[in-house]
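Asks: The structure is given below, and queries will be raised subsequently.
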Amino acid sequence: MNALAATNRNFKLASRLLGLDSKLEKSLLIPFREIKVECTIPKDDGTLASFVGFRVQHDNARGPMKGGIRYHPEVEPDEVNALAQLMTWKTAVAKIPYGGAKGGIGCDPSELSISELERLTRVFTQKIHDLIGIHTDVPAPDMGTGPQTMAWILDEYSKFHGHSPAVVTGKPIDLGGSLGRDAATGRGVLFATEALLNEHGKSISGQRFVIQGFGNVGSWAAKLISEKGGKIVAVSDVTGAIKNKNGIDILGLLEHTEENRGIKGFDGADSVDPDSILVEDCDILVPAALGGVINRENANEIKAKFIIEGANHPTDPEADEILRKKGVVILPDIYANSGGVTVSYFEWVQNIQGFMWEEEKVNNELRNYMTRGFKDLKEMCKTHSCDLRMGAFTLGVNRVAQATIIRGWGS
Ligand SMILES: NC(=O)C1=CN([C@@H]2O[C@H](COP(=O)(O)OP(=O)(O)OC[C@H]3O[C@@H](n4cnc5c(N)ncnc54)[C@H](O)[C@@H]3O)[C@@H](O)[C@H]2O)C=CC1
Ligand SMILES: O=C(O)CCC(=O)C(=O)O
């Protein structure tokens, strides 16, 4: 099932559980605005290259729209729409005053030089600058982008609108970024996992983890989990997959990845087939790369008892069904990876206040938000007798529906 069909399906199931009016349901599904722009840049060799950029602004009932910008060859309209919609429910689950958006450019960043990436980011910003803004739509990093990308967007946007640090989050610290934002999604994954395990009378220590993706989310999650005594027994990224049943030395792997632009060739573990990473023997599986990777082809083979969704929509609805029947507990993306956007919110607040928080305050506040989110979503599971995914969807959709109604929808 494609990403948008899967997301719409989960939304509709939640809407039915909540008994939403069908007209309100329809209005919540339709994106506020979809932007598609042509981005042509001169390559370093003087030839021209054209790319397509997208920004989908899904909903703003609860506040400015918020969400990352992805650079990846598979960026396409349905996927961006699904990701934008997920942001709307995610910011509501996290109870931060935002709506949802997502953007991206269909490109392979590994095939572009730094100066080509800079030109592409600046052209994209020129095309969308009048549709984003501190109180309208605030981009952030996602796959294939990072603090440097945000710095270029900020610089280009500021040429049109004056210095505006709060127009993007996930910036370099020297440009108004928040301490703790880089690690925030991985740290949120850690807090979410702790909350879930605690409920099952378990702790991180001694649990065996498999992590797919070793970028921002996967590598921080791996580092923080291993610091808490979790054993990372297998990791994969776009360059390959490795395993070591005694636990991979994560600090060593981070150093290797930095030097080699990937995990391939790390000598502290055995190479394995990347296609088998999700079905490796472990207690807890953390998908932290692409969407749709857990599907009906592999769901039956999954050995993990818990899945913590670091990535967005890694689990197809058909796989959800199979895993539920197998008794696998899935902590859904719109809660499990909400640590990133939560600290983005703290960054935006700091920029607006013109004040900088200590890292300890950022991490403590993040823990508070993640703990409250888990409690709120469990409450919805109880109210609607549903699993964690529907608990999170009903929680998010209900908050957005209520905000929409209170603002005067239908009047
Ligand atoms: N960066 C953030 O703050 C947040 C990211 N996410 C989600 O987390 C996921 C990962 O994002 P980031 O870590 O930011 O991206 P990133 O670009 O920093 O890292 C992506 C990682 O996935 C790996 N990868 C790509 N294709 C792969 C494949 N076919 N098999 C295995 N690994 C593969 C890459 O090699 C890299 O290690 C995405 O789904 C993103 O939407 C969710 C919430 C916040
Ligand atoms: O930090 C943000 O604003 C958005 C992060 C994001 O794109 C996501 O949570 O999927």
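Numbering starts at 1 and runs along the chain as displayed.
Glycine is no exception: its Cβ is also placed from the backbone N, Cα and C atoms.
What TrEMBL says about a protein is an automatic prediction, not a curated fact.
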Asks: With K90, S344 listed by TrEMBL as substrate-binding, which of these, K66, K325, K375, is given for the same site?
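Replies: That substrate site, as TrEMBL gives it, pairs K90, S344 with K66.
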Asks: Starting from the Cβ centroid of K66, K90, S344, the recorded substrate site, name every other residue in that chain with its Cβ within 8 Å, sequence order please.
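Replies: So the additional residues around the site are G67, M87, T91, A94, I96, Y98, G100, A140, S338, G340, V341, T342, Y345.
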Asks: Which whole-number value in Å describes the distance between the Cα atoms of D142 (site 'Important for catalysis') and T185 (NAD(+) binding site)?
Replies: 11
Asks: Could you list, ordered by sequence, which of these binding-site residues: K66, T185, S344, have a Cβ under 6 Å from ligand 2?
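Replies: Only K66, S344 meet the Cβ criterion.
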Asks: List, in residue order, those binding-site residues out of K90, T185, N216 with a Cβ under 6 Å from any atom belonging to ligand 1.
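Replies: Going through K90, T185, N216 in sequence order, those close to ligand 1 turn out to be T185, N216.
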Asks: To the nearest whole angstrom, what is the C-alpha distance linking N216 (NAD(+) binding site) and S344 (substrate binding site)?
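Replies: With distance taken Cα to Cα, S344 (substrate binding site) is 14 Å from N216 (NAD(+) binding site).
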Asks: Across all the protein chains here, work out how many other Cβ atoms are within 10 Å of the Cβ of N216 (NAD(+) binding site).
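Replies: Taking all protein chains shown, N216 (NAD(+) binding site) has 24 Cβ neighbours within 10 Å.
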